[in-house]
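Asks: Look at Swiss-Prot and you will find Glu126 tagged as active site, proton donor. Feature annotation from Swiss-Prot assigns [4Fe-4S] cluster binding site to Cys12, Cys96, Cys197; the stated evidence is sequence analysis. Annotated dimethylallyl diphosphate binding site per Swiss-Prot: His41, His74, His124, Ser225, Ser226, Asn227, Ser269, in sequence order, evidence recorded as sequence analysis. Feature annotation from Swiss-Prot assigns isopentenyl diphosphate binding site to His41, His74, His124, Ser225, Ser226, Asn227, Ser269. Residues or ranges marked as (2E)-4-hydroxy-3-methylbut-2-enyl diphosphate binding site by Swiss-Prot: His41, His74, His124, Thr167, Ser225, Ser226, Asn227, Ser269.
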Amino acid sequence: MEILLANPRGFCAGVDRAISIVERALDIFEKPIYVRHEVVHNRYVVDGLKSRGAVFVEELDQIPDDSIVIFSAHGVSQAVRTEAKRRDLKIFDATCPLVTKVHMEVTRASRKGIECILIGHQGHPEVEGTMGQYGNDGGGIYLVETVEDVAKLNVKNADNLFYCSQTTLSVDDTADVIDALRAKFPAIDGPRKDDICYATQNRQDAVRDLADKVDVLLVVGAKNSSNSNRLRELADKMGTKAYLIDDATNVQESWFTGINAVGVTAGASAPEVLVQQVITRLKELGGNQVTENPGEEENIVFAVPIELR
């Protein structure tokens, strides 16, 4: 059984930066260091940071006054940021710069009184943070996920609209939603550059290229990782059976009966060590030749805050 590895896979620049911010804070400041929400959606990463003294919470009221708080890569609402400042919490912001770009788009729309339509998944922390950038009662911000949502959507002024999107969505599905928005609201404006980030695009392109070459695809990533779920869904849509796994312990021998080639990729918040453990497990199940499938080279790096360098 041949093992083909997708490229690029695993950590993106935003995830690297977020983890580095927590690690540097742990090195420099007295523990505990509080992190609002999982800094990235991966249990292996979170547990490693916990073992070093990071404390993960969901709400600011779980954090003592005058503590250090790190906002996760997914970003936070203006209300959360304001509350943290009110309580004199020392803030380090690990929000991905590409999420911050979307925040700025929403903030500009809010200031101008332009209604905003966000394409994203209800309940995802990135969506909650982005929705929370809009503060103009005279306008409004609306969340849509599907073409069907667009059909049901009513706005105040169809001639004064802006759309943006969560950064980790399916490229194809989002294009369909944007087409539906433009058909229903011809005057709608959008970002000059797509909001879906380079890493999401590249990892989906890598799955597109790999899916036809393998019988089964394993996606290493957490169940609550949006971009990892999109990779599994994309392979399924292409007719390749795909499984989303946390780590090698989830790999089942029955998946590979009569299989000639298995593909492996990883979501943007999954470390390479988990991929290597999956490869070891596949070799135990009869995998032999390991081949790196060529793909887009990524050289993007996001700097950590000056105080943590």
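Note: Cβ is positioned from N, Cα and C throughout, glycine not excepted.
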Asks: Could you tell me the C-alpha distance between Asn227 (dimethylallyl diphosphate binding site) and Thr167 ((2E)-4-hydroxy-3-methylbut-2-enyl diphosphate binding site) in angstrom, no decimals?
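Replies: With distance taken Cα to Cα, Thr167 ((2E)-4-hydroxy-3-methylbut-2-enyl diphosphate binding site) is 9 Å from Asn227 (dimethylallyl diphosphate binding site).
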Asks: So, in DSSP terms, is His74 (dimethylallyl diphosphate binding site) helix, strand, or coil?
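Replies: Note: His74 (dimethylallyl diphosphate binding site) is coil by DSSP, not helix or strand.
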Asks: Rounded to a whole number, how many Å is the Cα of Glu126 (active site, proton donor) away from the Cα of Thr167 ((2E)-4-hydroxy-3-methylbut-2-enyl diphosphate binding site)?
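Replies: It is 8 Å, counting Cα to Cα.
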Asks: Looking only at Cβ atoms, how many others are within 10 Å of the one on Cys197 ([4Fe-4S] cluster binding site)?
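Replies: Its Cβ has 25 other Cβ atoms within 10 Å.
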Asks: Could you check which of the binding-site residues (Cys12, Cys96, Thr167, Cys197) sits closest to Ser269 (dimethylallyl diphosphate binding site), going Cα to Cα?
Replies: Cys12
Asks: With an 8 Å cut-off on Cβ distance to the His41, His74, His124, Ser225, Ser226, Asn227, Ser269 Cβ center, who else from the chain surrounds the dimethylallyl diphosphate site?
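Replies: Output for this site, in sequence order: Val40, Glu126, Thr168, Ala222, Asn224, Ser228, Gly267, Ala268.
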Asks: Where among the binding-site residues His41, His74, His124 do you find the Cβ with the fewest other Cβ atoms within 10 Å?
Replies: His124
